[in-house]
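According to TrEMBL, the features are:
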DOMAIN    31-282  domain 'Rhodopsin'
TRANSMEM  105-126  transmembrane segment
TRANSMEM  138-160  transmembrane segment
TRANSMEM  215-241  transmembrane segment
TRANSMEM  435-459  transmembrane segment
TRANSMEM  564-584  transmembrane segment
TRANSMEM  591-610  transmembrane segment
TRANSMEM  630-653  transmembrane segment
TRANSMEM  665-690  transmembrane segment
TRANSMEM  710-743  transmembrane segment
TRANSMEM  801-821  transmembrane segment
TRANSMEM  855-878  transmembrane segment
TRANSMEM  890-909  transmembrane segment
Amino acid sequence: MKQELRETWTPGINVLTWFMLITAILSVSTRLGTKYWIFRKLTVDDALSIGALVTCIAQSIAISIATQGGLGQHRNTLSAASIEKMMKASRALTVPYCCFDQSQYAANILFIATMCCSKLALVIFIRNLTPTTLDRRFALGLGAFIVLWTITGIFTAAFQCRMPDTWNYLQAKCFDLIAWWNYLGITNILSEAGIIAQALLVIVRVQADIHKKAVLASVFLFRVVYLTLSVVVAIICQLAYARVAKGSTDSSWDAWAVVVSTQITQTLSIVTACSPQFKPFLDSLRSSGMSLGGTNYGSRQRTYAMTSYKASLGGRTGDTPSEAHELVTMPEGGVNRTIVSYSPDCDAESLSTGWLPGLFASATAETKTSITALLGPLRQAFSPLSIFSLLIMSSQQLKQMSTTGMQEIGCPLSKELDDANLARMGKRPVLKRNFGLMSMLGFSCTILITWEGIVVLFLQAYQNGGPAGAVYGFIFVWVGVASTFVVLSELASMAPTSGGQYHWCAMLAPRSKMKLFSYLTGWLTVIGWQATYATSCYLCGTLIQGLIVLTQSSYQPQNWHGTLLFWAIALFSVGINSVGGKLLPRFEGFILILHILGFFAILIPLTYMADHGSAEEVFTQFLNLGGFPSQGLSFFVGMVGCIFAFAGGDAAVHMSEEITNASTAVPTSIMLSVLINGSLGFGMLLSILFCLGDVEKALDSSTGYPFMSIFLQATGSVPGTAAMCSIVTTMGITTSVGMLASASRQFWSFARDRGVPGWQVWSQVHGSTAVPIYSVLLTTCVVCLLALINIGSSVAFNDLVAMSISGLYLSYMVVAGLLLYRRCTGGISNGRRSDTAVVNTVGAKLVWGPFHLPGIWGILVNSFALIYMTIAVFFSFWPPSWVVTVQTMNFSVVGTFGVILLSLIYYVFRAKSVYDGPIVEID
């Protein structure tokens, strides 16, 4: 029988320890990946970050061992057998809590080592922001203080008690541990204060107006100072809990608070050390691709914060991966050539000449001349963030950088190239390209949210197919989705437009059939995306109702409650989408972090605390609870839940006109999202199947969602279960934001080509935000009206899941079939595109894009994708049980073909005369 959480802290300590460890691993991995992406090498501070991670892993293992020796449990509940199992030597048999003692002893030493490495990594990073003597001396003194703190802390921790059992602090053979914790904590806080002072010293010395300095502080000080302050708070909590635990007669129980605060302090320290290195990563989330950090001033000084500068003798070094550069004549007076590359988040107004003379309070006339000579040609290129390192350069370095010849400015022209490529497809650029590769990857991943979808909808696969059917069905769907998205990625690389499927259909179909095929494909895409967005809002509303039932058993859910929650979620999505600018990319970047961390926040407690089933049950047991004539038929019907978990994979396609380097970034984000979400989804599916517990109880859950009952059986805690379920619910709510963005862009594009009634209104774009606000509002109104169906019957509304699959997959099938035809007939050229010729639109030459699977492999993948999509569409119309009633009938076939019929009626009476496929707006 599982112990209740109120009787032991052990499960909570273990769950928190491993979650904190995973957070640290992800932080260091992101830091190293970002750094290597930019420089193709790692430096000393990166090595220190790796060292911090290694000691953090060891410390977490020590804590885990301590929990097996009694940490988190009451002293009187520990058995002699559990103690003896973890003893290191026979002499320790007489010492109670030996493993608890020894593990805590090791954990404290490793904690100090982790803090040292993470602090030094951050100090070195900040030091490298500026080459000035003052900053380097300050960093040297601070580093020496941290090393001294580490040496004294480890030495006193190692010999805190009498020999030979130096770890046996529970037997009162040690010096004053409270005094030691006070010393360690206070000096720890002082070192953190020194890091804050070091960061402030760098920022304060930048001579700029208040606005620009606030911008610098917001992107730099927030991550360094505020995260460091959070470490200080955690240290204070650590000290307070240590004092309580020391005076306790039940140390193994009361020590839990010290351990928890220690783990939080340790992880926050690592995240803080890594956070400045997230700058290029975060820039890519909110601008137009990976920023290039890292400069090399001559051959001696190095920095890698806000700009990328490299002074070298001779010509271009080729270190920067910028696709396009712009040559600007510089004043004569030297022999060197300077190469500059930077974040492409350009702001022409941010470098007005009015503030250049005030860069340094003590700047000489000669220095000002050097600054003006260097920065004058850059006004149209750099933002204040981009020249941060330049502002703190010394006068001598500025004079060295004022060189003759040609200065190659790495302001990538990718936005201009993307607009030119769009113009070659006949479209006029009207949307702002605020997305980069990483932000679009976040957008794609958080729309698929496969692991969250598996958690919510795994019941369908379990009832029809059983555990084994769910596993093998997911694998089949994953492979099928991957092949489908390869086809879509090839088409997106050829023609990256917001229209997506209907545009591709128009360019691939025979000219005589193009008009009708394109029109129907456009409406199938409209059906699919409107239904997908409505389903997302509906599921979130009912998830909230399930959470209320979980925490308040007296609550009686009503359909109209779910409809009101539906509307609230839709309004939230409108609010994010209507603002425009960089809010949406930033929002999606944050949700990507929550998506990944949330996976582990659920996986760890579920797998650790639940009773596990056998592998035989998971991989060999098939079920046919729907009563179908054969197990095979039941398997395919149950596969629909897994298919919906991957719904919306073409979301990035419909944002193509808002992302830089679209012809490569869109396919890359699509394929990476399938890989990431498929891996997370499969891991979560296996975890749920192994941790089912009482299946009958889960299926009869009053919440309406079996996974909530599964979580409750695993944790034995309503608050813990509510927290886990809240992660799933939050991800669903945030997904609706991206759903609305994609659905509205697709509808806007179709209206731009006159494919829907009232296209004159829906095709308009707001002037200041560059958002198709009327399409956003119409999409929201449509799904809010659909939500009224739920008041009358939730059964009918549930068929929207099937409509989203049938609508989207039918549109995929049309373009995949036409692409296969073009492949086999050789209708697509491998030649390079002309700079001026119109390509990949109606009646124009077809040219493969950068993402292309050539030869027989392309034909095989395309063919398999068609087979998979045919199966998916066919079984999306099936009811969940063989005996059909009004409650179990799947009406999605009526809804799908009913909308198609209405669109054909409109086509006959109106659209036939105004819709001619994608309009060529630019000759």
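Including glycine, each Cβ sits where the backbone N, Cα and C put it.
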Highest-contact recorded stretch vs the transmembrane segment (435-459), from 564-584, 591-610, 630-653, 665-690, CB pairs under 8 Å: 665-690
Stretch contact, the transmembrane segment (591-610) with the transmembrane segment (665-690), Cβ-Cβ under 8 Å, 3+ pairs: yes
Intrachain residues whose Cβ lies under 8 Å of the transmembrane segment (564-584), provided they are six or more past its termini: 286-287, 432, 434, 537-538, 540-542, 544-545, 733, 736-737, 739-741, 744, 766, 768-771, 773, 776-777, 780, 783-784, 787, 790
Close approaches to the transmembrane segment (801-821) from elsewhere in its chain (Cβ under 8 angstroms; 6 or more beyond its ends): 457, 484, 487-488, 490-491, 501-502, 504-505, 508-509, 517, 520-521, 524-529, 531-532, 535, 640, 643-644, 647-648, 650, 827, 859, 862-863, 865-866, 869-870, 872-873, 876-877, 890, 892-893, 895-896
CB contact flag for the transmembrane segment (855-878) and the transmembrane segment (105-126), at least three pairs under 8 A: no
Criterion met for the transmembrane segment (710-743) and the transmembrane segment (890-909) (at least three Cβ pairs under 8 Å): no
Chain residues in Cβ proximity to the transmembrane segment (630-653) (below 8 Å; excluding those fewer than six residues from its ends, i.e. six or more beyond): 440, 443-444, 447-448, 450, 453-454, 457-465, 469-470, 472-474, 476-478, 481, 484-485, 488, 492, 496, 498, 500-501, 529, 532, 535, 622-624, 659, 666, 669-670, 673-674, 677-678, 681, 738-739, 741-742, 801-802, 804-805, 808, 812, 871-872, 875-876, 878, 880
